[in-house]
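Read the structure below first, then the notes.
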Amino acid sequence: MNRFIDRVVLHLAAGDGGNGCVSVHREKFKPLGGPDGGNGGHGGDIILEVTAQVHTLLDFHFHPHVKAERGANGAGDHRNGARGKDLVLEVPPGTVVLNEKGETLADLTSVGMKFIAAAGGNGGLGNAALASKARKAPGFALIGEPGEAHDLILELKSMADVGLVGFPSAGKSSLISVMSAAKPKIGDYPFTTLQPNLGVVNVGHETFTMADVPGLIPGASEGKGLGLDFLRHIERTSVLVHVVDTATMDPGRDPISDIEALEAELAAYQSALDEDTGLGDLSQRPRIVVLNKADVPEAEELAEFLKEDIEKQFGWPVFIISAVARKGLDPLKYKLLEIVQDARKKRPKEKAESVIIKPKAVDHRTKGQFQIKPDPEVQGGFIITGEKPERWILQTDFENDEAVGYLADRLAKLGIEDGLRKAGAHVGANVTIGGISFEWEPMTTAGDDPILTGRGTDVRLEQTSRISAAERKRASQVRRGLIDELDYGEDQEASRERWEG
C-alpha cells in the first residue's frame, strides 16, 4: 500500500558554475595571438513543476537530498563551458513551498506551474572576457560561483471542493466511499483513518471532489489525538461538512456538543493560518451538518428530534443519512454541488502564469552596496558585507597573485578602501569578506581616484618589431647546445647589440 506523505523537508544544492579558462591563442605565423580562454557554464537550477501524474510527496520522503549538475569549465579557443542540466522535480497540485522560517514562497496550484527552488551559480569569466585596454593578457580567470544551497519545506494541501470533519468513527470514510470511488480503510474503532482520502463525486454530468481527514477530538489544537496536522487539506475547500455520529454511546457526547467542540478546534486552527485562499477564513466557509448512522432506529429518532434545534442554533442545512444503508445521499449530493458551483463562480480567477521565479531577499546586501562594521572577534578588525564584494571573493583564485590583485582593484574601485579609512582602519588591519580574512594594504593614497592597474599586461604586445628567422634559428641552436649563448660570431659587439635589442 502506498504511503501518503504530505510534508517533507528538502535539502537542495543547485549546480556550481564552471570555472573560466586561462589560455593564450596559438597559431602558426600568429605569435602572441592574445587571450582566448572561454567562460564557465552556468550551474543547473532545481525547479519544482506541478504535474497531474503525482499525488503525494512520497518520493521526496525517501530522497530528500537533491543536487543539480555543475556547469562545465571553459576552454581555450573561446570555447565556453556547457550549462549544467536543470533538475526538474515533479510535485502534485496544491503544493506549498515554505522556507526554513515557515514563510510561504510559492503556492503551486495549477498543472504546469514552475518554481525555481534553487538557482545555479554563474560561470566564471575566462581571461578573454577579462581583457581590456589596461589588461591585455590576463594570466588568470574567475572561478564559477557556487549554486544556492538551502532547505525548503514542501506541504501538500489537497485541492478538494468539500471537506469532511468529525469525531473519530463518525462515518466520514464510509460516506466518502459510498459517494465516490474512493476506497478508504473503514473500521469501527477510533482513528481508523490515519491519512487523508480524496474522492470524486459524480452528480449527473457534474463532478466535485471530497476530502476526508482523520478524526478530530477536543484538544486537537494542543496535539491530542492526531492533532491538526491534516487540517491543511481542508483549507481550500468550498464547504465543510460536519459528519456527526448519532449512534454514539460515549458518555457526555451528543450531536450539538460534538459540533461545538469541532468548531472550537477549527477556530484554534484558523488562528494559526496566514494564507489567503480567496474563500475567506474557515469560520466564513459554508457548513452542512450530516447526522449519520440513521440505519440504527434509536439514532434516527435522535436525529429527527435534534434536526430543527441544530438548524435554529447554527443556521446550517441538516441532512439525516445512513452511509451504510446508502440512505438520504442524493439530496446531500445536490446540495453540496449547489454550494460548490456557487463558490467556483466567486473564486478569484487564477493568473495566467506558468513560471514563478523566486525573488531574492531585499536587505542591505543589495547590488553595489556594502557595509563595514567592526569585527567583534578581532581587535581592530573589520567585516565587510555586500552582494558584490562577497560574490567577488567567491570568484577569486587566491593561489594566483594576479587574480588577487584584480580583486584588490575591484574592491578599491567600489569604494571599500575609502570606507575602511573612514571606519578608522590602519594598514595591516584584519579584514574579513565572505569568510576570507586578509591584512589590509591600501592600493591608493587617501583622496586619489582608484584606477585599475596594469596587472595582466604583456609588454610584448606593445612591440611592433618581430625577430627575424636568423634570430629564431640562433635561439634554437642555443637551446640545443650547438653554439655558446655568448658566441655572436664575427663582429661580436655589433651582433651583441642586435641580439640584446
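Yeah, the Cβs are placed from backbone N, Cα and C, and that goes for glycine too.
Note that the structure is predicted; figures quoted are calculated from it, not measured.
According to Swiss-Prot, the protein has these features:
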type    : residues                                    : note
DOMAIN  : 2-159                                       : domain 'Obg'
DOMAIN  : 160-341                                     : domain 'OBG-type G'
BINDING : 166-173, 191-195, 212-215, 292-295, 322-324 : GTP binding site
BINDING : S173, T193                                  : Mg(2+) binding site
DOMAIN  : 362-442                                     : domain 'OCT'
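Where Swiss-Prot records a feature, it is marked here on the structure.
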residue: G166; record: GTP binding site; DSSP (3 states): coil
residue: K172; record: GTP binding site; DSSP (3 states): helix
residue: P214; record: GTP binding site; DSSP (3 states): coil
residue: K293; record: GTP binding site; DSSP (3 states): coil
residue: S322; record: GTP binding site; DSSP (3 states): strand
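Mean pLDDT for the domain 'OBG-type G' (160-341) in this predicted model: 79. When the Cα atoms are compared, G166 (GTP binding site) and S173 (Mg(2+) binding site) turn out to be 10 Å apart. Of the recorded residues, S173 (Mg(2+) binding site) and P214 (GTP binding site) place their C-alpha atoms 9 Å from one another. Over all protein chains present, the Cβ of K293 (GTP binding site) has 26 other Cβ atoms lying within 10 Å.
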